[in-house]
Amino acid sequence: MRREIILAHREKEKQRLLVLLLLILLLVAGCLIFTSLGVIKLPPWEIARIILTSITSNGSTPAGIDEIHRAIILDIRLPRILAAVLVGAGLATAGAVFQGLLMNPLADPYTLGISTGAAFGATLAMFFGIFLPGGLGLLTVPLLAFAGALLALGAVYGLAVVNGTMAVTNLILSGVIVSAILSAAISFLKSLAGEGVGSIVFWLMGSFASRGWHHVFLCLPVVLAGLVICCYYADDLNILSLGSKSARQLGVDDSKVITILLVTSSLVTAACVSISGIIGFVGLIVPHLMRMLVGPDHRFLIPVSALGGALLLVGADTIARNLLAAEIPVGVLTTLLGGPFFCYIFRIKAKRQIF
């Protein structure tokens with residue numbers, strides 16, 4: 001009997017690793033295919049050749065490669081694709097962690113009001129026309145959005161800590177309070193913005209239009225570091241699902257782990273929102289889908305959620321920029337697609353108790 005259990009466990013782990021490998025291959029292939037799509041269509045093998053030769057050619061254009069095609073790929077499409085990959089991976093990772101920590105299947109990266117803080121910072125930058133000096137001008141809105149998210153995070157934690165302890169209920173309520181206050185402030189600024197309200201509204205809807213390498217390099221270290229930290233604490237997160245009391249009995253410092261994971265996930269969310277605007281449902285739906293494929297074990301759930309989120313958002317952004325002549329904000333598209341799909345997932349969960 002024991003041998004059968006061990007064999008079944010090994011077989012399940014093999015299936016999970018297969019899902020992980022398949023998602024990696026799909027993401028790489030998807031990025032090549034999606035990069036080839038646009039007004040000027042290029043074959044995926046030419047995309048791969050341009051990328052590989054750009055790595056080995058020290059910035060010069062090798063013979064046989066069209067300079068215009070190279071500029072389109074390396075300066076316009078590739079940074080946009082990579083930005084979508086990072087944001088999708090970051091939001092899905094944060095969503096999986098929030099759902100595991102709060103033990104709430106409706107939790108997502110925006111539960112604590114981080115996105116509203118980022119939106120407030122970006123709105124301030126656009127309303128007052130702030131332009132940072134010293135070569136940081138193009139990063140003014142993302143940097144102020146990130147700063148706004150950090151201030152919102154600090155306010156939420158400041159309200160949630162009572163007598164040196166932080167209850168999850170207090171944390172969620174604090175997020176609701178801070179989010180409501182900042183939402184009111186954003187609405188007030190929008191009412192005064194006049195002709196500038198269009199840029200504010202477009203940013204709030206979420207988009208990767210005009211995203212460049214500076215946006216990628218701003219988000220990359222935060223998302224990668226956050227993913228590593230979340231994977232490192234995946235075992236502790238599994239134990240925390242048994243309850244704080246059981247976790248302490250098993251040697252897990254629940255307060256420390258909860259604080260580290262919440263802060264890490266919030267910082268990842270802040271970095272993602274700062275370069276993309278508010279993109280809904282990625283951090284909510286993807287962990288549910290991946291949980292159906294690999295189960296609730298966070299050692300596998302977190303990395304496959306990151307890959308699934310990246311693949312979903314790259315695909316959604318490709319549809320958003322190619323479906324109509326005028327680009328659709330990707331945040332609107334993910335919400336339009338995600339809302340009905342989440343209703344379907346919710347019905348399945350009610351019948352089969354996925355979570």
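Cβ atoms are placed via backbone N, Cα and C, with glycine included.
What TrEMBL records for 20-40 (among others) is transmembrane segment.
Summarising the annotation, TrEMBL assigns transmembrane segment to 81-103 (among others).
If you look up TrEMBL, you'll see 110-132 (among others) marked as transmembrane segment. Residues 98, 102, 139-153, 155-156, 171-172, 174-176, 178-179, 182-183, 185-186, 189-190, 192-193, 196, 199-200, 203-204, 262, 266, 269-270, 273-274, 277-278, 280, 283 of the same chain lie 6 or more positions beyond the ends of the transmembrane segment (110-132) yet place their CB under 8 Å from a CB of it.
Residues annotated as transmembrane segment in TrEMBL: 138-160 (among others).
The transmembrane segment feature in TrEMBL is assigned to 167-186 (among others).
According to TrEMBL, the feature transmembrane segment maps to 216-235 (among others).
Long-range Cβ contacts of the transmembrane segment (255-286) within its own chain (Cβ-Cβ under 8 Å, at least 6 residues beyond either end) map to 83-84, 86-88, 90-98, 101, 106, 108-110, 112, 114-115, 117-119, 121-122, 142-143, 145-146, 149-150, 153, 165-166, 168, 171, 202-208, 211, 215, 218-219, 222-223, 226-227, 229-230, 233, 236-237, 240, 247, 305, 308-309, 312-313, 329-331, 334-335, 337-339, 341-342, 345. The transmembrane segment annotation in TrEMBL covers 255-286 (among others).
Taken from TrEMBL, the feature transmembrane segment applies to 298-316 (among others). With a threshold of 8 Å between CB atoms, the same-chain residues lying at least 6 positions outside the transmembrane segment (298-316) that come near it are 16, 19-20, 23-24, 26-27, 30-31, 34, 81, 84-93, 95-97, 100, 227, 230-231, 234-235, 237-238, 279, 282-283, 285-287, 289-291, 330, 333-334, 337.
Long-range contacts of the transmembrane segment (328-346) within its own chain (CB-CB distance under 8 A, at least 6 residues past either end) are made by residues 84, 202, 205-208, 276-282, 284-285, 288-289, 312-313, 316-317, 319-321, 354. For 328-346 (among others), the entry in TrEMBL reads transmembrane segment.
Residues 46-48, 69, 72-73, 77-78, 81, 85, 294, 300, 303-304, 307-308, 310-311, 314-315, 317-318, 321-322 of the same chain, all 6+ positions outside the transmembrane segment (20-40), place their C-beta atoms under 8 angstroms from a C-beta of that stretch.
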